Amino acid sequence: MAGSSSSKEIVDAVEKWMAFPTSGGGGATAGLEIVAEDAPSGSSGAHQQQAWRPVAPATAGRDSGGTGSGKSSVDGGVGRASHDSLPRVSQELKDALSSLQQTFVVSDATRPDCPIIYASEGFFTMTGYSPREVVGRNCRFLQGPDTDAAEVAKIRDAVKHGRSFCGRLLNYRKDGAPFWNLLTVTPIRDDNGKVIKFIGMQVEVSKYTEGLSDKRMRPNELPVSLIRYDERQKDKAMSSMTEVVQTVKQPRGARAPADAALLTPPKMSDADKMAAMSPVVAPGTPSGGGGGAGSFKSPLWDLKKEESRLSRLASGRKSGRSSLMGFKIGKRSSVGSREAPAVVEEPAPAPPPAPEVVERTDSWERAEREKDIRQGIDLATTLERIEKNFVITDPRIPDNPIIFASDSFLELTEYTREEILGRNCRFLQGPETDQGTVDKIREAIREQKEITVQLINYTKSGKKFWNLFHLQPMRDQKGELQYFIGVQLDGSDHVEPLRNRLSENTEIQSAKLVKATAENVDDAVRELPDANLRPEDLWAIHSMRVSPKPHKRNNPSWIAIEKATNLGEKIGLKHFKPVKPLGCGDTGSVHLVELQGSGELFAMKAMDKSVMLNRNKVHRACIEREIYALLDHPFLPTLYTSFQTPTHVCLITDFCPGGELFAVLDRQPMKIFREECARFYAAEVVIGLEYLHCLGIIYRDLKPENILLQADGHIVLTDFDLSFLTTSKPHVIKNSTSLKRRRSQEFLPPTFVSEPSTPSNSFVGTEEYIAPEVITGAGHTSAIDWWALGILLYEMLYGRTPFRGKNRKKTFYNILHKDLTFPSSIPVSLAAKQLIHGLLQRDPSNRIGSNAGANDIKQHSFFQDINWPLIRCMSPPELDVPLKLIGKETQPKAKPDEDVPLNLDTF
């Protein structure tokens with residue numbers, strides 16, 4: 001009992017530290033609210049809550065019982081308003097909404113039962129109901145016997161309190177057929193903050209969700225599925241919802257969406273797949289070339305060219321961290337204008353922004369879009385972006401079940417992910433499947449060896465296809481069997497009738513392709529933690545001891561840490577006294593803490609274990625811990641210790657009293673730096689990135705929020721949860737000298753270059769800073785960090801990023817296609833524009849830094865006044881608004897000897 005009590009005390013202590021209130025049923029969706037122009041007469045919160053209560057089932061063709069649904073007829077049934085009293089929407093709004101491709105409804109929150117006042121065409125197609133059966137009714141008619149009542153309760157609670165919601169629940173079509181619906185609910189408020197409408201966006205995810213398979217557990221109590229898909233789908237849904245919300249807010253500004261191909265990757269025929277033998281990670285032009293059949297592709301691969309345009313809106317923006325903290329940093333402008341393609345020597349003319357435009361802030365842009373636009377996004381691992389037919393099975397679980405299936409495999413076989421996760425692959429067999437070939441596969445599994453065979457398999461509908469199947473075992477670092485990788489290739493179009501099998505030449509070429517795919521899958525899976533690890537072993541690296549590195553081992557912080565460890569205790573949460581919160585992100589928080597009895601201040605990053613598990617970020621957290629342990633550089637943070645609690649993992653690093661560069665930039669006149677200041681900060685970023693690349697680290701999340709300022713004004717790059725760690729490839733480039741230099745006996749020394757050796761293809765980064773090759777899925781190298789440097793320099797000089805759009809899809813389109821322009825209203829040197837232009841080359845091979853790494857950039861004329869070897873000894877240029885240091889003294893005064901409590905309301 002004593003042990004149990006002690007454990008409870010630990011958990012309670014952790015909860016007191018870290019139990020930040022969530023944003024409601026919708027998690028990250030709570031920020032998606034907008035302010036409308038006009039405020040109709042309102043209704044009480046009770047009416048809104050009532051809108052989501054289940055009613056007795058009465059729909060024809062639907063099984064009775066369970067959660068039930070309302071009537072589908074247009075009579076005066078439950079939840080049905082009379083036809084004459086139905087709320088109306090303006091024709092202008094109808095026209096604007098009809099241009100959207102999303103499936104959604106708009107409900108009137110000011111009327112009892114929140115009746116639907118508009119439903120998109122996609123909603124009728126998805127559900128099978130007619131407009132007459134939908135408009136004027138509450139959405140509960142989609143519920144049925146197996147709809148999760150707990151999820152419905154979450155929706156009801158979100159509606160009652162005027163919050164957003166995003167979750168997956170089982171709904172039913174008019175004919176009674178069930179489908180998985182990813183529902184996103186967002187409130188629309190009037191100028192007084194009262195909810196007047198709700199938007200409910202539906203995305204059918206039956207094909208790709210794990211469904212009830214997420215309840216299947218391994219012996220280690222972790223899910224059978226290697227990837228958790230719900231959070232992936234929620235992230236995509238939230239991005240799509242922004243366009244709907246913006247259209248409701250500003251119907252006049254709505255335009256017909258681009259072609260559907262914007263969101264649909266090109267499908268290749270199997271003949272093309274077998275004919276194209278390019279490697280899976282291939283260099284290519286971000287505008288669409290270089291992909292080949294073997295390239296990674298993303299949902300935005302085939303973006304089509306359209307007229308480049310910028311909205312002439314001004315918008316405020318907030319730091320990704322500070323917006324969640326509630327800090328009032330001030331307004332930032334984002335003024336765009338239609339400009340000609342950028343010519344560095346002669347920047348296109350642009351009218352100077354009018355003061356009233358700069359100061360005006362649109363409610364959506366300022367209050368909602370800003371809450372997530374600067375957050376790092378993690379949309380897919382490299383494994384998920386391999387567009388080939390393959391599965392991964394785990395032989396350590398009985399019956400060797402499937403733990404991962406690619407989207408392409410689902411398309412080929414017609415099965416849903418829910419139907420195959422946790423099952424053995426034998427469901428593909430049928431009447432004409434050769435049992436002798438099946439026996440060969442079974443023997444290869446027993447002997448743990450690879451094999452390539454061809455056999456007849458069957459889709460879910462019974463259609464047979466010739467499957468060129470490659471089985472390859474995957475072993476861990478100890479050489480023990482970990483997984484099997486099974487790659488399929490449909491060769492039905494290449495079967496020779498007389499031989500009743502694939503032609504010899506096709507078989508040879510196809511075998512090469514499936515083996516290459518298996519190798520790429522093998523590499524990609526190794527980025528993820530072993531699914532068979534015990535939960536406590538997942539975080540083992542955070543309990544490892546941290547040893548001081550040479551350059552900082554004698555600084556006061558390390559002396560204080562070692563003094564504490566010399567007492568024989570392992571440092572943990574109890575050794576630190578909370579001072580105040582510094583920031584909060586989507587997976588954790590950062591606190592200013594003091595080491596008990598030392599007076600030394602540190603930054604503590606705390607990450608919620610359950611959130612990391614649900615969002616497929618365990619490997620990200622472990623890689624970040626591994627990277628921190630490698631660093632020993634004045635422009636990078638020092639890791640002093642790390643530990644875990646029952647609910648969190650924590651990193652103790654340097655506290656930077658200068659705060660984020662973002663906040664410093666925001667306080668400057670016009671929200672920009674003078675060029676000498678921008679040059680200094682950019683130069684130190686180059687030095688930091690050069691060091692990271694030398695260690696084999698691709699940073700992947702450079703932005704002002706992740707650049708902290710030390711007390712002396714020098715920078716520290718922080719946050720490595722999206723970084724990629726591989727090996728580096730050092731080499732020396734001999735510089736050729738000109739005749740003039742040879743005559744004067746001035747010889748250039750050789751150049752040392754060390755860049756990460758292995759490309760990656762994870763879809764990670766921050767929306768405005770993501771490089772084109774990340775979006776297209778062509779595979780990326782450390783060159784993406786130099787792209788981000790170009791965006792950073794542009795933002796420091798112009799107060800905005802060059803490719804930002806009104807939503808994520810538009811931003812990504814701009815990154816791939818929009819011309820780079822330089823507003824003439826802000827004076828910037830030609831050298832700066834040339835450097836930005838060179839860094840923002842869409843083809844990575846043409847980008848400055850792609851050949852000799854940081855050396856290319858350091859030699860640019862923009863940095864000619866920088867003394868690179870002595871930059872850490874330089875005094876930073878004076879800012880127009882001086883650096884304001886933060887620390888214990890900035891906390892509101894407390895009584896003597898009284899601990900300053902954490903203000904949990906900040907989160």
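Here the Cβ of each residue, glycine as well, is placed from N, Cα and C on the backbone.
Region 'Disordered' is the annotation Swiss-Prot gives to one range among 28-84, 427-483, and that range is 28-84. Record note: among 332-363, 876-907, 332-363 is the stretch given as region 'Disordered' by Swiss-Prot. When the Cα atoms are compared, CYS139 (S-4a-FMN cysteine) and CYS425 (S-4a-FMN cysteine) turn out to be 39 Å apart. Using a 10 Å Cβ-Cβ cutoff, CYS139 (S-4a-FMN cysteine) registers 27 neighbours.
Summed and averaged per residue, pLDDT over the domain 'Protein kinase' (576-863) gives 92. DSSP assigns ASP701 (active site, proton acceptor) to coil, not to a helix or a strand. Just so you know, the Cβ of ASP701 (active site, proton acceptor) picks up 24 other Cβ atoms within 10 Å once every protein chain is counted. Cβ contacts within 10 Å of CYS425 (S-4a-FMN cysteine), excluding its own Cβ and spanning all protein chains shown: 21. Taking the Cα atom of each, ASP701 (active site, proton acceptor) and CYS425 (S-4a-FMN cysteine) are about 39 angstrom apart.
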